[in-house]
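Inspection log for the structure reproduced underneath, given as structure tokens.
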Amino acid sequence: MSASSPPRWCIALILALGVLAVSTAAVLVRWGTQGLSTDSFGTTVGFSMLLAAGRLSLAAIFLSPQLFYWPWPDLGDRNLRYALLAGGALAAHFSLWFTSLSYTSVAASTTLVTTTPIWSALISYVWLQQTLKPRTMLGMGIALMGSALIGWGEPTSAAASHPLLGNALALAAAWAVSLYFLWSQRAQATGLHIHRYALIAYSTAAILLLPMPLLLGVPYTGWPRTLYLAIVLLALIPQLVGHTSLNWGVRWLSPTWVTLLVLAEPVAASLFALLLFGEVPALSVVVGGAIVLMGLTISLWPYQRIGSGSNS
């Protein structure tokens, strides 16, 4: 059936809850992997993929009852293709981002990941032929300068053992999640219900990731309980509550506007890291992060609704 756009206060409330939920992801990854031996890059990537595969597998399992109780009249070749592509992008995003947290600070990693609006806007310009306004390009340039300051200016520390590598991985994760949000919008714009879209995308990402830890020499058993608890919490809070809320948001708002709201994530995540781990961000990260957020705000401030879509 068709559904009109929800009230603006409802959209804002659900997206605020989503942003708060996704802000817990970085500290949950850091907490779950504390004390684990990651003496090689391959092992580090293996642990990251274990966390990502566990998170997405549980999220898909939690959503799976709809296979038996809800009809699927809105599933077609076109929106299925977009949902599958989104799942692949999500798998790449989590693998890259979780690995980055082993090499750089929470503040730097989350700030660079939130440069997603830049890449979403550029992809929309190339792929969807959307016009970039001069103010958008100015803001993007400012944000890129801030990203460069973080990427090259962060010193080595206990929280950032290899900052250049970690920051590069976080930036690549931002590219991947930009594709994820754009394909999410296309899947829902062609009529796929949010819950069905999420089940397909999460399941696809989980299937792609599940064999990877074993191939990298990281088994699924024999680790501290905190690792498994972190996986459960990652599935419940940032994945089911956070990402599902943001996916719902792009049905009614442009992807760049939704990602503008996610600019609160590095602030909240950095505060969590400070309180839980005593992780104080370097001055270059604070200054660069402020420049990034300023540039993104300049670039993406105009409000844009996509309009109502079909729902069933």
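Glycine is treated like the rest: Cβ placed from N, Cα and C.
Where the annotation comes from TrEMBL, it is an automatic prediction and has not been curated.
Values in this document were obtained by computation on a predicted structure and should not be read as measured data.
The domain 'EamA' annotation in TrEMBL covers 16-151 (among others).
For 49-70 (among others), the entry in TrEMBL reads transmembrane segment.
Same-chain neighbours of the transmembrane segment (82-100): 29, 44-45, 47-49, 51-52, 55-56, 109, 112-113, 166-170, 172-173, 176-177, 179-180, 183-184, 186-187, 190, 192, 197, 200-206, 208-209, 212, counting only residues six or more beyond its ends whose CB sits under 8 Å from a CB of the stretch. Residues or ranges marked as transmembrane segment by TrEMBL: 82-100 (among others).
Taken from TrEMBL, the feature transmembrane segment covers 106-128 (among others). Distant neighbours of the transmembrane segment (106-128): 23, 26-27, 30, 97, 100, 136, 140, 143-144, 147, 150-151, 154, 159-160, 163, 166-167, 170-171, 173-175, 177-179, 181-182, 255-256, 259-260, 262-263, 265-266, 269-270, 272-273, 277, 279, 281-282, 285-286, 288-289, 292-293, 296, 299-300; these residues of the same chain sit at least 6 beyond its ends, with a Cβ under 8 Å from one of its Cβ atoms.
The transmembrane segment annotation in TrEMBL covers 135-152 (among others). If you look at the transmembrane segment (135-152), the same-chain residues 6 or more away from its ends with a CB under 8 A from one of its CBs are 108, 111-112, 115, 118, 121-122, 164, 167-168, 171, 284-285, 287-300.
Annotation source TrEMBL lists transmembrane segment at 164-183 (among others).
Look at TrEMBL and you will find 165-300 (among others) tagged as domain 'EamA'.
Residues or ranges marked as transmembrane segment in TrEMBL: 195-215 (among others).
Residues annotated as transmembrane segment in TrEMBL: 227-250 (among others).
Annotated transmembrane segment per TrEMBL: 257-277 (among others), in sequence order.
The transmembrane segment feature in TrEMBL is assigned to 283-303 (among others). Long-range Cβ contacts of the transmembrane segment (283-303) within its own chain (Cβ-Cβ under 8 Å, at least 6 residues beyond either end) map to 105, 107-108, 111-112, 114-115, 117-118, 121, 135-150, 153-155, 253, 256-257, 259-260, 263, 266.
Only pairs six or more apart in sequence are counted, and the transmembrane segment (195-215) with the transmembrane segment (49-70) gives three or more Cβ pairs under 8 Å, enough to call it a contact. For the domain 'EamA' (165-300), the DSSP counts in helix, strand and coil order read 109 helix, 1 strand, 26 coil.
With a cut-off of 8 Å between Cβ atoms, the residues of this chain six or more beyond the transmembrane segment (164-183) that come close are 82-83, 85-86, 89-90, 92-94, 96-97, 99-105, 108-110, 112-116, 118-120, 123-124, 127, 147, 150-152, 154, 201, 246, 250, 255, 258-259.
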